[in-house]
Ligand code: DQA
């Protein structure tokens, strides 16, 4: 599959920011592991990160133009309030799986609500870096049903 992995704000500081919550592994090394696993599974994976909402929207639209089969998306804090990202995901009809390193449901009240997840196939939260690999499996197993809903 041709998959786009998008990471939102502050994800590039993984390993530096709140290690008790997000772990000690650096962003680069985490993404290297995900890239290797994607290659092993035969996927063409593009990994992108931005701290800017508009840039993330541009990339989601780019995924449409370039006919990506799936998107793995950790929108960071935008998860909790970006209707613009919700609409972008909704617009492109590309199966998208939302990923969070931490268990957002076991943290602050404001993290329990995702405005982006309703536009996604589903959400995976609380498994650290493995969440990206689980989300990849979700795309492998479930990308087709979404196709049929078009
Ligand atoms: C996060 C959870 C968000 O609530 C937070 O704002 C992040 C990271 C996660 O991966 O656990 O930046 O998306």
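Numbering starts at 1 and runs along the chain as it is shown here.
Glycine residues also receive a Cβ, built from the backbone N, Cα and C atoms like all the rest.
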Record-annotated substrate site (TrEMBL): member among 41, 111 besides 74, 80, 87, 101, 102
111
Residue with minimal Cβ packing [other Cβ atoms within 10 Å] among the binding-site residues 74, 80:
80
Taking residues 74, 80, 87, 101, 102, 111, which bind substrate in the record, the widest Cα spacing (Å, whole number)
24
Filtered by Cβ distance under 6 Å to ligand 1, the recorded positions 74, 87, 100, 101, 102, 111 reduce to 74, 100, 101, 102, 111
